[in-house]
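As given in Swiss-Prot:
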| type | residues | note |
| --- | --- | --- |
| DISULFID | 3-43 | disulfide bond |
| DISULFID | 5-33 | disulfide bond |
| DISULFID | 26-44 | disulfide bond |
């Protein structure tokens, strides 16, 4: 699904970043967002 980064989240490289939920490594209770357009742009957001 679509995902938008939280500015205050960890690992924010490009925020707010719109992309997809990636099963990467974020802290428990967070989702990892990965950009559609940039493979190196990623961040974590609090699970809704």
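Cβ from N, Cα, C; glycine included.
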Between residue 44 (disulfide bond) and residue 5 (disulfide bond): CA-CA distance (Å): 6
Integer Å distance between the CA atoms belonging to residue 43 (disulfide bond) and residue 26 (disulfide bond): 8
Alpha-carbon distance [residue 3 (disulfide bond); residue 44 (disulfide bond)] in Å: 10
